[in-house]
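Novice: Dumping the structure here so I can ask a few things about it.
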């Protein structure tokens with residue numbers, strides 16, 4: 001029989017572990033089953049319409065969820081506009097003139113609130129579900145989104161500048177950035193595959209196409225026509241050859257040194273992640289399976305639950 005000392009030690013250990021663990025058990029896939037049974041259908045309908053009108057929006061909505069979760073957790077903070085008390089993350093370097101889809105989120109919010117009879121579903125949950133539905137709309141995998149997040153009442157531009165992975169990062173910096181939010185190397189490689197949909201601005205890949213040596217020369221010359229040394233910061237190029245299809249071409253490009261971003265090509269540059277890139281390039285089903293698992297994991301980063309935060313009436317501002 002365990003001694004009182006052993007029981008106390010075990011209790012103390014559990015207390016410490018629980019205090020440092022995100023309470024993801026409070027997130028549930030059926031969180032809105034009773035309070036708003038039509039919530040997920042309303043989100044899906046709005047996302048499908050937006051992506052059908054502009055396929056690029058699928059990648060944009062996925063990116064909003066990604067950038068939200070990397071800054072103090074998945075709490076909808078990226079959606080808050082600038083005010084006298086809110087230093088909006090929209091103006092952080094990774095998001096300014098880059099993050100988009102906010103009007104679509106407004107439309108989704110209106111549709112969901114109509115279906116629910118009021119503000120029942122958080123903006124943070126809307127981002128999580130919209131990301132999943134965007135991926136599905138473009139031929140990607142589905143996954144069960146855990147729900148019950150609440151919305152933050154503040155934003156953190158400084159954290160957005162520091163914590164969101166940058167397109168100029170090398171592999172070690174990428175690994176560290178993901179580790180800082182509880183994600184591993186396998187998550188890094190799988191989630192980077194989100195770049196199989198969408199576009200990037202010239203300012204994000206200019207340095208790569210003029211300075212990097214691990215790039216196919218003809219690929220670089222083609223990109224230079226779109227992205228001059230000066231000017232054209234907002235000129236766009238697809239992140240892989242099929243930006244409206246969720247496939248494994250993103251990884252295939254890296255095998256021939258045609259990753260668009262410096263950070264992309266770092267995943268296949270003689271380092272520890274080369275093997276996974278090869279595997280995903282040859283096995284799209286495995287990529288999709290791992291991507292879905294890592295999306296669930298990312299969606300569980302430090303959610304506000306219970307009485308924390310609020311359910312915003314307008315995703316752009318606190319109540």
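Easy rule for this one: first residue shown is 1, then count along the chain.
Placed from the backbone N, Cα and C atoms, the Cβ positions cover glycine too.
The following feature annotations were taken from TrEMBL:
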SIGNAL    1-19  signal peptide
DOMAIN    26-319  domain 'Plant heme peroxidase family profile'
DISULFID  36-116  disulfide bond
BINDING   68, 71, 73, 75, 77, 89  Ca(2+) 1 binding site
DISULFID  69-74  disulfide bond
DISULFID  123-315  disulfide bond
DISULFID  202-227  disulfide bond
Novice: From the centroid of the CB atoms of 68, 71, 73, 75, 77, 89, the recorded Ca(2+) 1 site, which same-chain residues not already listed sit within 8 A by their CB, in sequence order?
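Specialist: Sorted by sequence, the hits are 67, 69, 70, 72, 74, 76, 78, 152, 155, 156, 159, 160.
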Novice: Among 36, 69, 202, these being the disulfide-bonded residues, pick the one whose CA is nearest to that of residue 75 (Ca(2+) 1 binding site).
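Specialist: Of all the candidates listed, 69 is nearest in space.
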Novice: Based on Cα coordinates, which of the following recorded positions are within 10 Å of residue 69 (disulfide bond): 36, 77, 89, 116, 227, 315?
Specialist: 77
Novice: Distance between residue 36 (disulfide bond) and residue 77 (Ca(2+) 1 binding site) at the Cα atoms, whole Å?
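Specialist: Checking the Cα atoms of residue 36 (disulfide bond) and residue 77 (Ca(2+) 1 binding site) gives a distance of 23 Å.
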